[in-house]
Amino acid sequence: MGLVCSRNRRYRDSDPEENAQAAEIERRIESETKAEKHIQKLLLLGAGESGKSTIFKQIKLLFQTGFDEAELRSYTPVIFANVYQTIKVLHDGAKELAQNDLNSAKYVISDESKDIGEKLSEIGSRLDYPHLTKDLAKEIETLWEDAAIQETYARGNELQVPDCTKYFMENLQRLSDANYVPTKGDVLYARVRTTGVVEIQFSPVGENKRSGEVYRLFDVGGQRNERRKWIHLFEGVTAVIFCAAISEYDQTLFEDESKNRLMETKELFEWILKQPCFEKTSFMLFLNKFDIFEKKILNVPLNVCEWFKDYQPVSSGKQEIEHAYEFVKKKFEELYFQSSAPDRVDRVFKIYRTTALDQKVVKKTFKLVDETLRRRNLFEAGLL
């Protein structure tokens with residue numbers, strides 16, 4: 001509407017400078033509007049802890065200039081917070097198990113570590129965390145290596161223990177160095193809940209050159225209280241990239257410990273599929289955290305999740321991993337085709353096996369996504 005008005009406006013002959021400025025502004029607006037039409041919007045959605053924000057960070061590393069030193073340093077307090085919060089969760093979890101579990105003895109923290117544990121638990125309760133010094137790192141290492149804490153860590157799925165735990169606990173001496181600057185790997189493991197909306201613009205890199213497509217990717221808060229903020233992004237979206245952490249079939253939500261994470265993911269996926277504004281939107285489903293899934297499935301049966309209660313294991317080892325993965329994949333396919341006819345050509349649906357922390361996997365996946373969306377665009381233009 002603004003463009004139409006500006007084109008019809010008569011410039012005053014008495015002020016050539018003002019006329020020139022107005023004409024330049026009009027040219028810029030028109031240019032930006034045309035450029036915007038060529039940018040495809042991707043909406044990155046998923047429940048909390050699905051790994052979508054790690055995907056977002058990988059895009060920045062893969063298809064942009066990455067993180068400069070200032071950005072890397074900005075993650076230092078986040079990483080320290082992850083360390084302190086995690087060791088507190090493990091300490092407090094061990095104490096609870098020592099009181100209530102049938103095998104309570106193995107969760108009793110050793111006398112040598114008790115005082116350290118209480119100190120670190122208190123630090124983990126603060127609003128402001130101290131700088132991670134060598135002395136504090138040594139104390140955290142001592143508690144981490146305690147047998148009771150290791151037994152508790154083995155039951156991390158019951159205690160909201162984050163996926164980054166082992167990585168940071170094994171790098172404490174480096175993290176506590178006086179001149180510490182987070183690495184790209186540290187940033188990828190750093191856990192901070194997305195609130196609100198963040199965006200990034202990129203063009204995927206193929207084997208020989210950049211794709212001709214330009215994408216704007218929006219990452220939206222995954223926790224329940226963030227979802228009401230999504231609605232203004234829905235219109236005009238080329239595709240939804242939905243992240244589902246398939247390894248979390250035996251875990252509960254951070255914000256509601258009575259709710260299984262995969263059940264929440266199922267319900268969220270169903271809800272998104274039913275939104276009228278996604279009637280013709282393509283869906284790229286990332287079955288994420290496969291690296292954790294393939295280890296867990298050999299020890300924790302898939303049917304502990306209500307959604308997968310009809311699952312029947314077939315064997316062990318790699319064959320069982322693939323069988324379980326295909327079962328989960330089929331469940332998501334069934335959800336999708338409940339809302340979309342299988343023979344529809346105006347709405348693309350693809351499923352990808354992903355590990356957000358694996359840069360090669362993410363790069364390959366986005367190359368495939370790019371190819372899929374480019375083919376869809378050619379089809380819509382009548383060129384296929």
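The first residue you see is number 1, and the count goes up from there.
Heads up, the Cβ atoms here are built off N, Cα and C, so glycines get one too.
The feature N-myristoyl glycine is assigned by Swiss-Prot to Gly2. Taken from Swiss-Prot, the feature S-palmitoyl cysteine applies to Cys5, supported by similarity to another entry. According to Swiss-Prot, the feature domain 'G-alpha' maps to 38-384, an assignment based on sequence analysis. Annotated region 'G1 motif' per Swiss-Prot: 41-54, in sequence order. Sequence annotations record features per position, and here Swiss-Prot assigns GTP binding site to 49-54, Asp163, 188-189, Thr194, Gly222, 288-289, Asp291, Ala356 based on similarity to another entry. The feature Mg(2+) binding site is assigned by Swiss-Prot to Ser53, Thr194. For 186-194, the entry in Swiss-Prot reads region 'G2 motif', with the evidence type sequence analysis. Positions annotated as region 'G3 motif' by Swiss-Prot: 215-224. Among the features that Swiss-Prot reports, region 'G4 motif' is placed at 284-291. Under the heading region 'G5 motif', Swiss-Prot lists 354-359.
Features per Swiss-Prot, on structure.
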residue	record	CB count, 10 Å
Glu49	GTP binding site	23
Gly51	GTP binding site	24
Ser53	GTP binding site	25
Asp163	GTP binding site	20
Tyr189	GTP binding site	23
Thr194	Mg(2+) binding site	18
Lys289	GTP binding site	24
Ala356	GTP binding site	26
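For the region 'G5 motif' (354-359), the DSSP counts in helix, strand and coil order read 1 helix, 0 strand, 5 coil. Rounded to the nearest whole angstrom, the C-alpha distance between Asp163 (GTP binding site) and Thr194 (Mg(2+) binding site) is 16. Here Thr194 (Mg(2+) binding site) is compared against the binding-site residues Gly51, Ser53, Lys289, Ala356, and the shortest C-alpha distance is to Ser53. Mean model confidence of the domain 'G-alpha' (38-384) amounts to 90 (pLDDT, 0 to 100 scale). Here the region 'G1 motif' (41-54) is broken down by DSSP into helix, strand and coil counts: 3 helix, 6 strand, 5 coil.
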